[in-house]
Each structure stands twice: as structure tokens, then as C-alpha cells.
Amino acid sequence: MSPHDLPTLRLLHGTSQDVVSIPQLGFGTYKIGPSEAERAVTRALEAGYRHIDTAQMYGNEAGVGRALAASSIPREQLWVTSKLDNPNHAREDALTSWEASMEALGLEVLDLFLVHWPLAHSPGIDLVDTWRTMIEILESGRVRAIGVSNFQAEHLRTIIEATGVSPAVNQIELHPYLTQRPLRERHAELGVITQSWSPLGRGRLLKDPVVASVAAGLGVTPAQVVIRWHLEHGLVVIPKTVDPHRMAVNADVWSFELDAAAMAALDALDRGLRTGSHPDRVQLPHPG
Ligand SMILES: NC(=O)c1ccc[n+]([C@@H]2O[C@H](COP(=O)([O-])OP(=O)(O)OC[C@H]3O[C@@H](n4cnc5c(N)ncnc54)[C@H](OP(=O)(O)O)[C@@H]3O)[C@@H](O)[C@H]2O)c1
């Protein structure tokens, strides 16, 4: 499939002049350091990715920005997501760090900006205040959509009830070992798109015998099977790799499908296994 035909999902935000649709497959950049990011993102663009997922926390926005600047791909064919870092929730910090992200990325307009973690039990953090600042950023016209990450149903309810503005996306840990079914169902009711982080379970799923058996039956790799599982569930999936061969393999998922039996076998792997932090455990340190 050519990059022009990558499937997209329409987001809640946008206008009749600017319909906002996110490419369903993206390239994750967590743990790709500042010096590696330019090369990795350049390789990812060459491999056909048109959606890059970065964050203030990753420290690699400038490297991502250099790769975007050096690419000849028209801006309108690219999708870039970044995320508000945990120490930057206060309005002034959010606005200043947002400007710094735009500068580092070298962008006039960002496609999607997310609140990285809810920090719901952190002193001094008010999720509604943070979300109001995100709405202010959306209203500036320099971001096409805003969303959240690692929010649980209660956090979503709090910000939507207070502001009337739903996040376009909730980016959460999600893979066959952590299928997040109740939260996905809530997102579907709200019109929120679900994005899967650590979609390969940070590589753990690639050794799973059920995944291996589905892959062998189709003549594809375990990573391709897992990525396809996300796509068939209507999720946005952002696998990360620094290996150019793996980048190409992970993006080559359009010539096969998983049948109902394979999907059911993969769904049944759910064991509530988190490879990253639980949203309640990521907190700011208590001042003093
Ligand atoms: N919002 C959040 O809080 C949050 C949290 C975590 C992650 N994320 C986002 O989600 C993205 C993906 O998550 P992730 O990086 O944690 O994990 P992941 O994509 O599930 O897995 C990445 C790991 O799998 C390996 N890998 C990738 N493709 C492979 C293949 N075809 N064969 C064998 N190994 C393969 C990579 O190794 P190599 O690189 O050595 O190939 C790396 O160790 C992140 O990069 C980031 O953009 C967001």
C-alpha cells in the first residue's frame, strides 16, 4: 500500500474546512534519544510512515523536527503528535512548553497535542484546569486536535463534564495482554479514538506461542500479526523500532487479514499485564 492510501480515522475536532483524520499506523519514538531521533524518523519516513508520535518527555522533539525539515514529503501528508510533560500542567508552563515544542519540531501547526499523564492524585494538579489550557491551545488554531493519554474513565468524565469538550484521542497502553475492553467501549460511546501505546507489549508479545502460531499460519511475522490485530480493532497503533528492516516489516500489514478465530485467540490472551506504569502510579513528587 502506498503511503497515500494509509487508512485514517476521523477525529472529533476540526472544522468543515479542516477535517481531521489520523493515520491508523504511526511510528513511536519513546526511548529514541535526541541524537538518534533524526536518523530513526528519516528512516521511518522512507519506510512509508507518515505519522510520528513524540513527546516533550522523550527529549527528542528537535531530532524529530530535523528529520521532518529534511524530508521532501509535503506537510499535509504528515501527522505529528506530541504530549504535554508532567511538570508542565500549570497554565503558564503548558503554554511556554507548548511554544518550545513547536519551535523544536519546527512546525507552524501540530496535528495532535495530548496531556501525557493524568497525575490525578498529584498535589497542585487540577485536571480540569489542565484541560482548559489544552482547549486554549486548540483555540489558538495552531493544533488541529487535542487529546489525552493514560486517562481512565473517571478522568474523562471529569474533564468532559466540566468543559463540554471531549478529547479527540486517549492514548493508552493496549495490546493483546492488556486489551482494555471497558475503556475502549467507553471511548466508543464518547466518540474518542483509542490509540495503543506499547502495541507490541514492548516486544513481549512477539514470543507468545499463540501469536507465533497465527503468524506461521499466515506466513507473516508475529509483529505483523499483533499490529494487524490493533488495526482490525479500529485502533491507532504506533509501534517503535530503531531497526530499518523492522520498520519496513511493521508497516507491511496491508496484504493479509486476521479471521474471526485468530482475532478471538488473540483477544483471549488478555491477562491485564501492564508493561509500563499504571496511570495512578505516575505522580508528581510532593513539593518540599
Ligand atoms: N503515552 C504514553 O504514556 C506512552 C507510553 C509508552 C509508549 N508510548 C508511545 O508508544 C510507542 C510504542 O511503544 P513502545 O516503544 O513502548 O513499545 P512497542 O512498540 O510495543 O515495542 C517496542 C519494542 O519492540 C521491539 N520491536 C519492534 N518491532 C519489532 C519487530 N518487528 N521484531 C522484533 N522486535 C521489535 C523494539 O526493539 P528495537 O527498537 O530494538 O527494534 C522495542 O524494544 C512509543 O515509542 C511511544 O511513542 C506512549
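Yeah, the Cβs are placed from backbone N, Cα and C, and that goes for glycine too.
Since the structure is predicted, the reported quantities are computational estimates derived from the model, not experimental observations.
Listed in TrEMBL:
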- 25-270: domain 'NADP-dependent oxidoreductase' (DOMAIN)
- TYR58: active site, proton donor (ACT_SITE)
- LYS83: site 'Lowers pKa of active site Tyr' (SITE)
- HIS116: substrate binding site (BINDING)
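DSSP gives the residue listed as 'active site, proton donor' a helix state. Each of the recorded positions LYS83, HIS116 was scored by the number of other CB atoms within 10 Å of its CB, and the largest score is that of LYS83. In this structure the C-alpha atoms belonging to TYR58 (active site, proton donor) and LYS83 (site 'Lowers pKa of active site Tyr') are separated by 9 Å.
In the three-state DSSP classification, LYS83 (site 'Lowers pKa of active site Tyr') falls within a strand.
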